[in-house]
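A short write-up of the structure that comes next.
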Amino acid sequence: MPGIDKTDRAMTSVTAQEALDFHSQGRPGKLEISPTKPMATQRDLSLAYSPGVAVPVKAIADDPATAYDYTARGNMVAVISNGTAILGLGNLGALASKPVMEGKAVLFKRFADVDSIDLEVDTENVDEFVNCVRFLGPSFGGINLEDIKAPDCFIIEQRLREVMDIPVFHDDQHGTAIIAAAGLVNALTLTGRDFKTAKLVCNGAGAAAIACIELIKAMGFNPENIILCDTKGVIYKGRTDGMNQWKSAHAVETDRRTLAEALDGADVFFGLSAKGALSADMVRSMGARPIIFAMANPDPEITPEEVALIRDDAIVATGRSDYPNQVNNVLGFPYIFRGALDVRASTINDAMKIAAAEALANLAKEDVPDDVAAAYQGNRPRFGPQYIIPVPFDPRLISAIPMAVAKAAMETGVARKPIEDLKAYGQQLSARRDPIASTLQRIVERVRRQPKRIVFAEGEEVQMMRSAIAYANQQLGTALLLGREEVMRETAEREGIDLDRAGIQIVNARLSKRVGAYTDFLYSRLQRKGYLFRDVQRLINTDRNHFAASMVALGDADGMVTGLTRNYSTALEDVRRCIDPKPGHRVIGVSIALCRGRTVLVADTAVHDMPTSEELADIAEEAAGLAKRLGYVPRVAMLAYSTFGHPSGERSERVREAVKILDRRRVDFEYDGEMAADVALNARVMEQYPFCRLSGTANVLVMPAFHSASISTKMLQELGGSTVIGPLLVGLDKSVQIASMSAKDSDLVNLAAIAAYNAGT
């Protein structure tokens, strides 16, 4: 399908085993269900189930609309498929489609905080499918149909919309259409054209193509200026071969019979067909400043590079993330459902689709503020031929599109719960962002533009090998695997790992021509610290961390990752023998904790055991600096067991003094303390202290000691269901990251990407 970029170029280098491992590691699959109410006591159970549950049951029986108040229905979308048109794989059946549907469900959650469950219906009979889905209506606030073959998808969607009172949306059709329409609006603006006069040719007559044509017609595009083509050529009035009612609805009077003839003098090409369908001669025959949307996946009808060789005046969009102007369904469906659910819409009508397309188009025209520029790797985009569609990780999407959809639903009378305070609604939407996922994606994209050489110090470990390969496969740079080649190759053969692929380089310390330089370098640092020359020789020849850190220190690598075989403090001691702190900075560890959509940075989780007041102030500055680099506006809480002097104690005084030091330094970020964790993180509790200088709940927590920082983050991870990244090492003069000994492959790849990112900033 031309929407969600499930098979883009950056992902084609993922190995089959990596994909299987990703889906099978830990709990198999990509979804789980977590309770939103406490289940700790007998009373909790009595409220959640019998006898307490009888009360909302009776309320819903008396007034069905209250189901939205007492159940999860109002934020629940079902992703439903029969697997008859899976990605580019075809009809592989309902069960085989489950990984795709789980993936779609997690995209709903990731991008718009919509809860979603996948349902695979094992039938190709349209009547059976419709009956199955229609009777599930009470369970959900909306239905997202996915990967259903044409023309069944048209029939199924239409019939379900007629019999259900909740939104039913076939994303393969309408998602692609909405994003393509948004891009078309902007491309026409840039080329001085409009919907009334532009001439468009669409190649492909499947679900997405038909939906694209229908939507732009609804937006005012002149039907007489649209020619639809399929594998048999132009769909013209009177044609009978290979026709159906959906194609016939868009047949036109024309004497043109082939795609090449149709494109002669055309302004716009919509491709929803196959690789190579658009030839160089066809591109040459198009009008001035042609608009080419080559949306076939995984390979477009023609690539931007191929177009550039033919002419330099074209605006090009594809379905791929490695080119500008990506037509990606994830720009649409999460936010469209978000807006529809929030007003309890009974359907998603044309007005709501058009509103989504226009909001997306307008977003690309707006000036990009500083906090949003980070989503574009610091390269602030400007409306133009290379930027007619925002990228999926633009944080403004969650605010702009649901708002437009909700307004359209209210204006057209399909909203059963109109929003009274739109300003407050906008703030609620912004609060649903998942910033750290966006941050990691921004880091990856930035590194792809400036690839780095990263040393994976424990190269003989299977996890390091797999992580190095993943780093190279994601086109982040060269992965330098440090270790004995014969040992690594023996392990790689046993584990089915290919070490000969591009982007992997094996470095054997004993055989390196740089051993002498590294030894001299390290000896110059350690000779007055009790080390003999032979001691340093031994470290360089036999100790992976010292060798790797020396590589980084002398510029033979941009960064390093280590930690699997030694505890954090030992690994850090190794590194610090070779690399100093940045001038004027303090080395600390910062962990990033994600829990229920909130992101909090916690420091110091790695270095300082019982920091002094001066050190606590330094830690606050370093952590706030990292928060800024990651795209956050820091609000720093200096934590203690007491809050603003009560109860008093010697250890709290140390934290209070740190706040005074920050006052004297006149730092440029919000901070306050000392305060307990509930005051820092709970807005209602914070309101009891109106003098608190934080403008909102804290997103940077400075702990009073290492033990409290380490214990709290590990408890969050193990008991609180949080995702914890780090500790990230901050303050060194060179880029080094140290993993925990229990780190997973994905953790190591993230740390390598962060090391590469820091090396370039």
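Backbone N, Cα and C atoms are what each Cβ position is placed from, and that goes for glycine too.
Every protein chain considered, the tally of other Cβ atoms within 10 Å of the Cβ of Y49 (active site, proton donor) stands at 11. Residues or ranges marked as active site, proton donor by Swiss-Prot on the basis of similarity to another entry: Y49.
Swiss-Prot lists K104 with the feature active site, proton acceptor.
Taking the Cβ of E146 (divalent metal cation binding site) as reference, residues of its chain lying under 8 Å away and at least six apart in sequence are, in sequence order, V79, I80, S81, S97, V100, M101, K104, H170, D171, D172. Residues or ranges marked as divalent metal cation binding site by Swiss-Prot on the basis of similarity to another entry: E146, D147, D172.
Under the three-state DSSP scheme, G206 (NADP(+) binding site) falls in the coil class. Cβ neighbours of G206 (NADP(+) binding site) (same chain, under 8 Å, six or more residues apart in sequence): A150, L272. Annotation source Swiss-Prot lists NADP(+) binding site at A205, G206, A207, A208, N297, N329.
Marked as region 'Malic enzyme' by Swiss-Prot: 1-437. Regional average pLDDT for the region 'Malic enzyme' (1-437) in the model is 91.
The region 'Phosphate acetyltransferase' feature in Swiss-Prot is assigned to 438-761.
A straight line from the CA of A208 (NADP(+) binding site) to the CA of D147 (divalent metal cation binding site) spans 11 Å. Closest to D147 (divalent metal cation binding site) by Cα-Cα distance, out of the recorded positions Y49, A205, A207, N297, N329, is A207. When secondary structure is read from DSSP and collapsed to three states, N329 (NADP(+) binding site) falls in the helix class. Cβ-based neighbour count (10 Å, all protein chains) for A205 (NADP(+) binding site) stands at 24. For the NADP(+) site listed in the record, the two most distant Cα atoms among A205, G206, A207, A208, N297, N329 lie 18 Å apart. The highest number of surrounding Cβ atoms within 10 Å, among the binding-site residues N297, N329, is found at N329. Counting in whole angstrom, A205 (NADP(+) binding site) lies 51 from Y49 (active site, proton donor) by their C-alpha atoms. A separation of roughly 39 Å, to the nearest angstrom, links the Cα atoms of N329 (NADP(+) binding site) and Y49 (active site, proton donor).
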